[in-house]
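Enquirer: The feature domain 'Cytochrome oxidase subunit I profile' is assigned by TrEMBL to B:7-525. The domain 'Heme-copper oxidase subunit III family profile' feature in TrEMBL is assigned to B:559-904. According to TrEMBL, the region 'Disordered' annotation covers B:539-558. The transmembrane segment feature in TrEMBL is assigned to B:64-89, B:152-178, B:190-218, B:287-306, B:353-378, B:464-485, B:593-611, B:657-680, B:701-723, B:760-779, B:799-818, B:883-903 (among others).
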Amino acid sequence: MVGSGAILTSLPGVEAVATLSRTQVDIFSRLFLAFVVLGTTVGVVVISYLMYNAYKYRTDAPDADGKYDVEEETDDDVVRPQLGEIPTSAKGGKKLFLSFGLSAVLVLGLIIYSYSLLLYVEDTGDVEPDMEVNVEGFQFAWAYEYDNGFETTGELVVPNEEVVGLEVSSRDVMHNFGIRGLRAKTDAMPGQTTETWFQADESGEYQAICFELCGSGHSNMREEVLVVPTSVWEQGQENYNFDNPDEFEQWYDQTIDAWKNGEFDDQLEVTN
Amino acid sequence: MSDLPPRSSVKRWLVTTNHKDVGILYLLTSVFFLVAAGVLALLIRIQLLQSGGTILSGVGYNQVVTAHGFIMIFWFLSPFAFGFANYFVPLQIGADDLAFPRLNAMSYWLYLFSGVLVLGSFFQGATFMGGWTAYAPLNVPAYIPEFGEVGSFATIVALIAFVGSVTIGSVNFLTTIYRMRAKGLRMRDIPLFSISILVTVWMMLFAFAAYLAALIILSSDHLLHTSFFALETGSGPEATDSGSLLWTHLFWFFGHPEVYIVFFPALGALAEMVQTFAGRRLVGRKWFIISMALVGIQSFIVWMHHMFLTSINLEIKTVIMVTTVAISLPFDLMVFSLIYTMIKGKIRWKTPFLFSIGSLVIFIIGGITGVFLGAIVLDYSFRGTYWVVAHFHYVMASSAVILIGAVYYWYPKMTGKMYNEFLGKAHFVTSFIGFNMLYFPMFIVWETPRRVFHYDSGFTPFHLLATAGAFIFAGSFLIMFYNLFASLYSDRHVDESPWAYASSPEWAVSSPPPLDNFPGKPSFASGKLNFLDRAGTDGGAKSETATDGGVATGDETLAPPEEHADHASWWPIMVSSSVLFAGLGISGLSVSYAVWPFALAIPAFIGFLGVEGARQDGFALIHGIYVMVAFPLTVALLILFHLGIGIFEAVGNASPYFWVGLIGSVWGSYTLAGFGYESFEVPEPKMAEQWPFESVENTKLGMWAFIASDIIVFGAFVGAYIFTRFEYGWEAWWHIAEDPSAHTMAGQALEHHPVLPGLINTYLLLASSFTVVLALTAARHKGNYSLGPLTISSRQATLGFLGMTFMGAAGFLVNKGIEWVDLYLHQGWTFGVDVMSSTFYLTTGMHGLHVIIGMLVLLFLIARTYTGAYVGENEDAGTLEYFGLYWHFVDIVWLFLFPLFYIL
Ligand SMILES: [Cu+2]
Ligand SMILES: [Cu+2]
């Protein structure tokens, strides 16, 4: 349904797309930023407090008898561990629980926040993806099948700003299909189908990389993903019937050639 | 049994069963594997000097990455921690040794030889190259390049041997900690390091059992060509629909607890070091312990967080996210507890403390970056990237860093010498800088895909930095090796303890501690550590051998007289070496040869039972019978072998692997018989704190623990069966097997799968369970039985019932044999024709193997009963009872398998 889906976007369906106000990229960036800021703060505070205490209570008073690394004192108000004692706790339990509670609240808050975003990513509501692509991993490349029936093992070509649904599986061993710049990623397992989606904000060249060790060629298992500007896609739809796999193939081949000849260079926003 | 030679003798280290010796062997061996895996790590870093790689091919890189993971996690981290556990747990709880010293030595040798196998796999073409996670179906021969098949399987066999070592060790530590504590030392009172080991071995017992099941399933796909993960079709291999997901479940059910298994011993050591060097008792000790226990339990319900991107559904993901987040909270508490312990302390910045605080910093960073992964949306993007790599290295390596600190902490205790403080500090500084240079840049360039040597050109400087850090980190260990070696020859002697405020009992004895650990029987009955006189050693006189550090000795009660304990045996190393040979052999066996080395070992075992029995117990009729039976049985097997492959062609064509396997398994038969007959004195603990197992002997508790882990093994098999069956459709299952079109070759479909053999076998096993109970009753019966005119001695009755049990088991096997011949040969329903046959043959076959092992043990028990053991006033029938436990377990397993595989 490539063609009709794309046409719908320019007509009443535009609303449907508009409800997907956040792409996976947006969600990731926002959440990642929140975690980095909070994580760094917590880390700095805790580590500083640790170092501060370790430094403040340092001692190097030598043992008068030279037996131990330090003089053993038992006369101050702090009860010190003694050799052969049955172990007990030191005081400070209240403070312990206070900080434990604080950290629990912090972690729970973060997780609830991220869970709401998960629900969004997992369930795009009633919005149908504008197009669907079946992806099948094999050693060591990707095979794509568009919903018009066109198949290729070369580049994935999709339009900018449209929601692309992916159904991912594998022909042989386990792979993991990920398009890095678009934050789409899912396992490719034989006999199982997994789903994910993406929506590019910027046209350009991206890479579909395998993120699961799959054999000798794993390190080289990456292919180009070409997100063409909306204008290019729409122009293609005017000249070709995208519901017909043969016509779509013509356009596809032409587009790839044009891209390789550098004809898109000034139109693409993201390049490798 | 032989005498224990001095430490300067090489023989000492081969025969010793003393926990301190074994601990040192563990430590040295694991450091060797650290170096091996460290070299592999450096190869990885060299490969990553530039995008596209430098020195390794794709296949080579995969091997290096895989072996690095396997060796670091299994052959370095855990055994390193267990080196300390071996040395210090008995000392900390007031035990003379572990509960089963010979088994402890066997754990060590199995560990060593499994490591030899895994390193050897590099020279068998190629080692395993599918990552330490070994995801299916890349882990089966169909998807492994041919030159790597043998080495890959050798790696799997090595892992199985390693799991054997771990399981024996877990059983041993559990029994020791529960049953051999000094009087007055409650479970909650044992030092934190020992508590952490207790939690660890509990996790090990169950997690490694699941892993064992996974490895056995994988081995069966390799050796017997079953089709759990991939089906061999006419047009090439085809992954099964269920296999990939099945493996991730099995693996991560083990894999997540494994993270804590690796980390907990270090955490315990960290708590002790912080306590000692802060001169303050741990804040919230009780909560610290509860946290550990909680994490230990919870670790078994979070595994699917490694599978967020597989096809599991949102509901499950949500549950797992909650349990995952919940499991991070106890760690917060533990970290805060350690920090608060330092307040008002008298902190000495000695080397062990430097490593402690350094590792805390590292762990905090590792923990925070781990919370990132708990947020599923972030995890989606982090999956398979260097964020994961950096995170788990921060966590895992913080465990290594703690344990390095523990080396410095306990070095004076183990050697009696002080290390060089300046060099120790220099080691810390270089390693800490190197570590962070190595791993922190990985967070910055986290978008580098994992196990890939291609990355964006912009990342190059960071990868260069990481490689430089790796070399600094590695180099820092040279300082340590020099320091520890040179200090051995220094004159910096230490007495009991060089550290003020050290509180656990190991610091109350001399350094290094004497062979039997304590100057007297340790007891906490008075509220603190005392050493009671060992009555009978010096006439029962009370002596005041006061140790320093406020430990008083002398108590009103006298310890019971000590029995003589043995400390040396050749059998552990010999039994384990047979595993090396058999394992090496099995790695290269082709399917047609697969069973023969092991089948032929059975008559050999029976013969050796006769020979060794005659040697140890004096010749008796039964020994003669065993030897006489062994010969015709061997001949019969050889005839079968001839019918199967043709003996002359077979002998001519057999690969060297066949001969190595045969030698290994026959050697195993001999050594196991020898191990069984050796009289090795280990006194049952007396005057010990044994809650909650006061009324159970050591061996029985050990048997319970072993059976508990075996339950998990079978649980995993049954789970795998049910999972697979659901994936194919519960009802459709039988139709697949019976549908000819579902099979590539004609005649492979199942015509009928009769229920009757299974039913008969159920009755046979139940009856044999009953007779084994009767055998025990007879053994404990006083006097003779009179049956009318007949008088039967209780020994004869015991023998009779044991014999009947044996016959019941034999009937079970014969019946099963007939069934299998029909299914396999006549109906052509071979191991690998479909997933269903694979689950059927493997699961019931594993049960059959348990029956065979039970029968071999029965033969041993019959011989021993015949020559005077177990029955009568002065004999202990315990061994029969323990065997009975095992046998009931085998029967109960069948009660589950029969309906699952025959009726439903
Ligand atoms: Cu891959
Ligand atoms: Cu995990």
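Note: Cβ is positioned from N, Cα and C throughout, glycine not excepted.
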Enquirer: Have the transmembrane segment (B:760-779) and the transmembrane segment (B:883-903) got at least three CB pairs under 8 Å, pairs 6 or more apart in sequence?
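Expert: Checked: the transmembrane segment (B:760-779) vs the transmembrane segment (B:883-903), in contact.
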Enquirer: So which of B:152-178, B:353-378, B:657-680, B:701-723, B:799-818 is most in touch with the transmembrane segment (B:883-903), counting Cβ pairs under 8 Å?
Expert: B:701-723
Enquirer: Is the transmembrane segment (B:190-218) packed against any residues at least 6 beyond its ends, judged by a Cβ distance under 8 Å, and which are they?
Expert: 81, 84-85, 88-89, 92-93, 134, 136, 139-140, 156, 159-160, 163, 166-167, 169-171, 173-174, 177, 181, 226, 228-229, 247, 250-251, 253-254, 257-258, 260-261, 264-265, 267-269, 271-272, 275, 282, 285, 288-289, 292-293, 295-296, 299-300, 503-505, 705, 708-717, 720, 842, 846
Enquirer: Are there three or more C-beta pairs under 8 angstroms joining the transmembrane segment (B:287-306) and the transmembrane segment (B:701-723), sequence spacing 6 or more?
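Expert: No, since the transmembrane segment (B:701-723) and the transmembrane segment (B:287-306) share fewer than 3 Cβ pairs closer than 8 Å, they do not count as touching.
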Enquirer: Mean pLDDT for the domain 'Heme-copper oxidase subunit III family profile' (B:559-904), rounded to an integer?
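Expert: Mean per-residue confidence for the domain 'Heme-copper oxidase subunit III family profile' (B:559-904): 90 out of 100.
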Enquirer: Same chain, outside the transmembrane segment (B:152-178) by at least 6, Cβ under 8 Å from its Cβ: which residues?
Expert: 67, 70, 74-75, 78, 82, 85, 89-90, 93, 95, 98-100, 103-104, 106-108, 110-111, 113-115, 117-118, 120-121, 124, 126-130, 139, 141, 144, 187, 190, 194, 197-198, 201-202, 204-205, 208-209, 211-212, 215-216, 218-219, 222-223, 579-580, 583-584, 586-588, 690, 692-693, 698, 701-702, 705-706, 709
